[in-house]
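Encoded as structure tokens, the structure appears first; notes follow it.
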Amino acid sequence: MKFLALAALFASTVSSIAVDGLIPGARVIPANDVVALKKVGAHHQKHPHRRTVIIRPSFNDEDDVSADFLWGIKWANRGGRLLLQKGKKYVIGKKLDLTFLKDIEVQLDGELKFTNDVPYWQANNFYYDFQKSISFWRWGGEDIKIFGSGVLNGNGQRWYNEFAGQEILDPNNKYYRPILFVTENATRVSVEGITQLNSPCWTNFFVRTKDISFNNVFIHAYSTNASALPKNTDGFDTLNVDGLTVTNTRVDIGDDCLSPKPNTTNVFVQNLWCNGTHGTSMGSIGQYPGVLDIIENVWIENVTLLNGENGARLKAWAGPNVGYGRINNVTYKNIHVENTDNPIVLDQCYFNINATQCAAYPSRVNFTNIVFENIYGTSSGKHGKVVADLTCSPNAVCSGIRLKNIHLTSPAGSPPVIVCDGIQGDIGVECQSSTNLTTKRSIGLARNLKYKA
């Protein structure tokens, strides 16, 4: 295998160290010479001059540089930076366990692209029991910073084509698709500036992670095949996470824009733009029998949601074999929706369960202290005049639900209808029960809608 030396530009201006042993041809630039790189990007605030590691790029889409990448990560670990250069592509074709990290930067200015070798990835991955999730790699440790102007490419089109017509939550589903970016047992992770493109499944999944932030990130999933949509490509999913911050981020994908899942606390979201999504969703939780799930202390502010199924949504499972828990202390503030089927929805009849089954086996997840403030814009009219559907289970508690300054309209006509069933106390606005004859036509198919994961 041939390895590239440093580009002539760097060779002429930067003294570098040839590293014997693992990866011939790679270079490590000492910390005192990093300043010579000048315009390659911003420096870590705490350590402005870091040793920088450069690895060779791929020659083509079949040239797997997984070993080079792992080598570079190890050399950059504990105080260094791995630089993935602008205009270069780095193909990853092997699963990577990166859970040993401490004080590392990865400057992604080029493109990191995964292979679409479906048989390999379905046999070689990191598996999570929660909703049968798999990943290409996993990042863990502490003080991890990923930044730059480059692209993390999941190369998802083949996965979209082959998964068409299937459902992720079908118990018989065996076609597992990798998640693009996973953290596990990680503390203080920062991601900034990059683009995440065409994940085969969820885009981000954070597991047993504390203090993770995303800023100025663009998440995009699109399909070139109109009959094979980029399904389940959620922007952000969490499991056992304390401290998630998402700011100044754009999401254009085929599922939840944001979806904190079981045992997630202390979430802050500000300046988020979502197009074509299933909304900013709390959950789903309560899926697994006998398991306690919690989502608590969430603040979501200044969000635009366009052309989607949902706006601000809470979702909990119902049925004969489900879990229990609570979603508590959640605020949605300054939320702008346009052409959205369900601008505000509390859904305690999730997933694929009709009204009769939900009444027989209601949810055991409590919704408490939920505030929707300054929610404005238009619904799609899919559910008639209904612009908010707040439906709680008789088995669960729904209290402290407050709506303030709601300015939503429907193309189906006026006045807009807010439906509330099973809510304890005053919600702050006029609402009607779904059993009221005057609202039944407005509600339309809302009660029987089968939401996707």
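Including glycine, each Cβ sits where the backbone N, Cα and C put it.
Per Swiss-Prot, the feature active site, proton donor maps to ASP255; the stated evidence is similarity to another entry. The active site annotation in Swiss-Prot covers HIS278 and rests on similarity to another entry. Look at Swiss-Prot and you will find ASN185, ASN225, ASN263, ASN275, ASN302, ASN329, ASN354, ASN366, ASN436 tagged as N-linked glycosylation site, backed by sequence analysis. Residues or ranges marked as repeat 'PbH1 1' by Swiss-Prot: 295-316. Annotation source Swiss-Prot lists repeat 'PbH1 2' at 327-348.
Positions of Swiss-Prot features highlighted on the structure.
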| residue | record | Cβ neighbours (10 Å) |
| --- | --- | --- |
| ASN225 | N-linked glycosylation site | 11 |
| ASP255 | active site, proton donor | 28 |
| ASN263 | N-linked glycosylation site | 19 |
| ASN275 | N-linked glycosylation site | 16 |
| HIS278 | active site | 27 |
| ASN302 | N-linked glycosylation site | 16 |
| ASN329 | N-linked glycosylation site | 16 |
| ASN354 | N-linked glycosylation site | 12 |
| ASN366 | N-linked glycosylation site | 20 |
| ASN436 | N-linked glycosylation site | 14 |
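Among the recorded positions ASP255, ASN263, ASN329, ASN436, the residue whose Cα lies closest in space to that of ASN302 (N-linked glycosylation site) is ASN329. Ranking the glycosylation sites ASN185, ASN329, ASN354 by Cα distance from ASP255 (active site, proton donor) puts ASN354 first. With DSSP classes pooled into helix, strand and coil, the tally for the repeat 'PbH1 1' (295-316) is 0 helix, 19 strand, 3 coil. When Cα-Cα distances from ASN366 (N-linked glycosylation site) are compared across the recorded positions ASN225, ASN263, ASN275, HIS278, ASN329, the shortest belongs to ASN329. Taking the C-alpha atom of ASN263 (N-linked glycosylation site) as reference, the shortest distance to any of the recorded positions ASN275, HIS278, ASN354 belongs to HIS278. Taken as a whole, the repeat 'PbH1 2' (327-348) shows an average pLDDT of 98 in this prediction. Distance between Cα atoms for ASN354 (N-linked glycosylation site) and ASN185 (N-linked glycosylation site): 38 Å, as a whole number. Per DSSP, the secondary structure of the repeat 'PbH1 2' (327-348) breaks down as 0 helix, 21 strand, 1 coil.
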